Amino acid sequence: MAGVKATIAPSMLSSDFANLASEAERMLEFGADWLHMDIMDGHFVPNLTIGAPVIQSLRKHTNAYLDCHLMVTNPLDYIEPLAKAGASGFTFHVEVSQENWQELVQKIKAKGMKPGVALRPGTPIEQVFPLVEAEAPVELVLVMTVEPGFGGQKFMPEMMDKVRVLREKYPSLDIEVDGGLGPTTIDVAASAGANCIVAGSSVFGAPSPQDVISILRKSVEGAQCKS
Ligand SMILES: O=C(CO)[C@H](O)[C@H](O)COP(=O)(O)O
Ligand SMILES: [Fe+2]
């Protein structure tokens, strides 16, 4: 697995949204690489969170990589506003992009953002293969390890089969895991081959978030040394 960087991305869904800028600053001081921003439309998932205006507000306070996870039915509508707002990564769901993923990837790249694709726990991993193997490919695959919509859910270890398959096929791909990651679940994800780790409640709910970030990073780096 040499060549893929361990990337720790606290999910700001678990932060105090009323103090988003200071929460972001705190996470970066604690060693976070990216800030994971969960954008939900109340339609693709039964929850409503933030959109481009909040990304734009946060961008005024930080240069950090903003890793946007689009849990929305119409991701195309979000490309222009999010690019203008200062998003860094744009990860859409494969379940809503069967017809237009090529257009999505091309537009995301044209706007200078990193294109990624996410999949729900019930979606077979084979559905993302064409997107990774395309002439203009996605550069990250986000494997959901809970049902999208809410933080604080239980990690689904059976999703690690998807991560193993991806890592075997694509040694240099960024493979992100999202949902229920923390000190007790990281080792299984890291040894399966995940290198981008999203963690919300385990980081924000810890007495020492920096210790959790450091445990996550060490696990990923340790797994890479063994592979
Ligand atoms: O995409 C998400 C939910 O749909 C979140 O990123 C995810 O759940 C992170 O929160 P936690 O680490 O608490 O599970
Ligand atoms: Fe997410």
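The backbone N, Cα and C atoms fix where each Cβ goes, and this holds for glycine too.
Non-local contacts of ASP38 (active site, proton acceptor) by the CB criterion (under 8 A, 6+ apart in sequence, same chain) comprise SER11, MET12, LEU13, THR49, ILE50, HIS69, MET71, GLY151. Residues annotated as active site, proton acceptor in TrEMBL: ASP38.
Annotation note: ASP178 (active site, proton donor) sits in a strand segment as assigned by DSSP. Cβ neighbours of ASP178 (active site, proton donor) (same chain, under 8 Å, six or more residues apart in sequence): SER11, HIS36, HIS69, ALA118, LEU142, VAL143, MET144, THR145, VAL146, VAL198. Annotation comment: TrEMBL describes ASP178 as active site, proton donor.
Annotation source TrEMBL lists substrate binding site at SER11, HIS69, GLY149, PHE150, GLY151, GLY152, GLY180, GLY200, SER201. Its Cβ taken as reference, GLY180 (substrate binding site) is surrounded by 24 other Cβ atoms within 10 Å in the chains shown.
According to TrEMBL, the feature divalent metal cation binding site maps to HIS36, ASP38, HIS69, ASP178. Reduced to three states, the DSSP call for HIS69 (divalent metal cation binding site) is strand.
Fewest other C-beta atoms within 10 angstroms, among the binding-site residues SER11, SER201, are seen around SER201. Same-chain residues with CB within 8 A of the center of the HIS36, ASP38, HIS69, ASP178 CB atoms, the divalent metal cation site residues themselves not counted, are ALA9, SER11, LEU13, MET37, ASP67, CYS68, THR91, LEU142, VAL198, GLY200. Taking ASP38, HIS69, GLY149, GLY151, ASP178, SER201 as the candidate recorded positions, the subset whose CB lies under 6 angstroms from any atom of ligand 2 consists of ASP38, HIS69, ASP178.
DSSP classifies GLY149 (substrate binding site) as coil under the three-state reduction. DSSP classifies SER201 (substrate binding site) as helix under the three-state reduction.
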